[in-house]
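Undergrad: Sharing a structure with you now.
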Amino acid sequence: MPGMVVFGRRWGIASDDLVFPGCFELLLRVIWWIGTMILFTYHKGHFGCSGGGVLHTYLVGLLVVLGLIILSLCAIVYVSAQGTITNPGARRSMPALVYLRALLYIPELVWACLGAVWVSDNSQGCDPATVGGVITAVVTSWIILLFTGLGVVFVFDPMGSPRPQPGPIEPLGVRDMESSGGTQFLSTARSLATKVWECRLRLLCCCLPQDESHRAAFSSISQLFSDFFSDTDLVPSDIAAGLALLHQEQDKMERSRDPEEIMSHSPSSPIGQDLQTELEKAAHCMQFAAAAYGWPLYVYSSPFTAPCKLSGDCCRTRAPEYDIIGGDHLGCHFSSILQTTSLQYRDFIYVSFHNQIYEIPFFVALDHKREAVLVAVRGTLSLKVCWNTK
């Protein structure tokens, strides 16, 4: 699905991506309009407090603005739900509706400022419920405006020119020299796209510490996203739709398979015995794989018994033998490993729970039952390590 062309440029959002955001905002606006109408009806003819005239103007204007916004949202949701991914013709009027919705942000901003001025200067002596309602309306207005601004930042495409991108340049000597200006322009545009994606990632993961390792991870992933979307007229929702369709196709293939084809050999045959042995080995190793996640997964798997088993080990004074463990301040991670694997402390060679970029928690242990050395590396459990998961 090609990106929508609005304000003379192509954006990173398609015309059929506004159904669910529009429905959510529509629900919020309807509730807001009903609450404002109740407040206005309750105080109709009783605006005698200080600043009552401003309050009356604010409520009437807010009802009108919300009504216009609700009508525009209904039209956006309806048009965005028309057609299909491969047939966007039914949504050709979407840019005009986006222009209309953008214009309505101006009176909404003015009325948010008017409500803030009334609350700060002219609300003395008025009903506390009325003041609280106006404050709620003002705060909601600013929150919606803030999230709208963030949405514009995320769907902004630095290479979103509505004109077709120049094709690849043929290596023909002098022609390459003459086209160096175009190549430099494309390089600058791709560099700008990388910076935009990096800003988006930093904004999404603003709670993470901004050290050197995190900056390197953000830079690598932003380069990956900019390269992927640079030469295709796709939007992120296309990737999500493709993955959903692929998942449905895989489910259909799994349901259509004959059970006899899955188990073509009887368990009593030599091949069946080898399969049973491998399954037992996998189940045994799975205990160590699950133990690498520490106490969160252990408590999740046994929510009633796990806290009692760990309560005696967590938060106690640690002996010197626990010095080999890193990143486990209360000892709960290592205690959950002991409970999951049924191993002794002496069976562990090294355990690390440092959870940072490029530092994934893992442990090395001796498996006496299998006479093997096991290395268990934890998978994705938080945003700190999800960048490294392949």
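A Cβ is built for glycine as well, from the same backbone N, Cα and C atoms used for every other residue.
Pulled the feature table from TrEMBL, pasting it below:
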TRANSMEM  26-43  transmembrane segment
TRANSMEM  55-78  transmembrane segment
TRANSMEM  98-119  transmembrane segment
TRANSMEM  131-156  transmembrane segment
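Describe the structural context of each listed feature in the structure shown, including burial, neighbouring residues and relevant distances.
TA: Proximity of distant same-chain residues to the transmembrane segment (98-119), defined by a Cβ-Cβ separation under 8 Å and at least 6 residues beyond the stretch ends, is recorded for 4, 6, 51, 54-55, 57-58, 61-62, 65, 68-69, 72-73, 76, 131, 134-135, 137-138, 141-142, 144-145, 148.
For the transmembrane segment (131-156), the list of distant contacts is 11-13, 21, 25, 28, 32, 35-36, 39, 55, 58, 62, 105, 108-109, 111-112, 115-116, 118-119, 123, 196, 199-200, 203: same-chain residues at least six beyond its ends, Cβ to Cβ under 8 Å.
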